[in-house]
Amino acid sequence: MKNYLALIRRADFIDFFKFGFFYLNSEKVVEFNCPISELPKRDDIYDALFARINSFESSFAYMIINFTKANDADDPSFVIITEVKHIFPLDSEAKKEYESSFDEHVKIDDPIWPDAISLIKKRQLYQSSMQGVRNIFNIFKLEGLEKCKGLISEDTVEEMLSNVYDDIRPSGDVSLWVYLMRYERHSFYPKESLGYFMDIVHIIVNFMSKKEVEDYIVESTDIYKTLTTYEGKGLKSNDILRLLKQNEMASGFLTKIASFVPEVDFILVGVNYLKMRDLYKDEFTYNEEFISACKASFGESFTIASYMIGIALGHNKTYACLYELLPLDIYKSKEEMAAILRQKQEERERAKREMERIERERERERERERERRKKSKKKGKKDTEYNHFGQPGYSQGRGGYSTWGRQSEELFSPYQGDDQGYIPSSMGRGYKNEKPKQEPQTNKGVSHVDSNNETENLFGIEEIQSMEYQTRNLISFPLKLQKYTKSGKPSTAKNSTAIVNNKEEYENFKNTHSGETWKLKK
């Protein structure tokens, strides 16, 4: 019996589990002859397993399966589900994800190499950065890549990127190029060429101090003080460098920089790098005229700066521009793309016009609503002033609603106990208990009052007349209503009280509660 490990994608394992068999990539299948517990010590197995792994975003993308073959002659690239013995995630986060998303029967083991993801990610970061360099040299049409690698070695780049991944800031005896590439501006330097020269001073002081220093230390240097005298003059990089070479206070500093990097003009390289890093921090685009001007003005210094820009941007931020410039064989022609872009632009403009039209309609509707409310307020004030039943001093009643003064208290008397026969008298004549002629209850259980016409409305006939008269002539809403049982008592059931806020709600309420007995409630 032989033991194997295989690296497969999560999506492939889902199909494997579903269909019961899978064809593996033979280059990703590794045989081993030691106990599972000893695998973490076997760097040779780790290297063989991850040597040709494709790039991926998260640790959930891949997993390791352990399977066995009973016969030595069996093909290890074909595996069935019953041969699988273990499932190993790449890290603890992947284990949690698998346990929450896979069939609950599936057992997920602990990772074999807990640091596998960090090692893989560091290598991928390095590969992406060096691919970014190649992309930049192709896009800018540059030569001299090997000289750049001799100046800033691939080992230096790999170690720097490992520290980037681990979030370790530069310190100690590391290359001046590392201090340059890892530099972050936190000072309020001018947003022009002069500001980049001040950045260079800060980088050199960091390198000499073997750590990243505070602003005040940089600002105390003679070279920085000299640079401040150039503020507001709008000088270009070559002009600033020429003035520095003529200044005695700056000459010592320039000599020191030349001793650190004798092969090239470090200041011009650094200024070009920092400028381009700011230029492309959000999006990388190719401007042929700009690049041609930079190559003509700075020559080799621009080439070295471009090498570092490729490292900083990596493949992820440069491939789209490269693919368009090549172009790829699978890309549409420029004419087709121009037509597509025009169509998209037209669609955006149509959508914009439609949104503007909708917004104008909404604004007109809001204006109409404001006018309606304004007229409603004026009408309400007029009705209140000329109410036939109002009395001086009672335009605002104790209930807080307009026109609910003394007249409203007379219209609706306090609750009269369980006397179902109570009906409010006509308005303005005081309270009077009137005993209507009792009629037998109908099958619907609605009480009837003395009237020639039977009704199934919510209220007795006088109540309806009183209410309708009120809704026509008084701003008396909201009204509170109480439901009554067949025995004539106020109901205590859920939803046995209701409030209507206007005449329309009142009419709807009557229509939807026909066959029930409701009365006004104080």
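The backbone N, Cα and C atoms fix where each Cβ goes, glycine too.
In TrEMBL, annotation is done automatically, which means it is predicted and not curated.
Keep in mind that what you see is a predicted model, and the values were worked out from it rather than measured.
Residues of the compositional bias 'Basic and acidic residues' (346-370) grouped by DSSP class, helix first, strand second and coil last, total 25 helix, 0 strand, 0 coil. The annotation compositional bias 'Basic and acidic residues' is assigned in TrEMBL to 346-370.
According to TrEMBL, the compositional bias 'Basic residues' annotation covers 371-381. Secondary structure of the compositional bias 'Basic residues' (371-381) per DSSP, as helix, strand and coil residue counts: 11 helix, 0 strand, 0 coil.
Per TrEMBL, the feature compositional bias 'Polar residues' maps to 439-454.
Look at TrEMBL and you will find 346-454 tagged as region 'Disordered'.
Counting only same-chain residues 6+ beyond the ends of the compositional bias 'Basic and acidic residues' (346-370), none has a CB under 8 A from a CB of the stretch.
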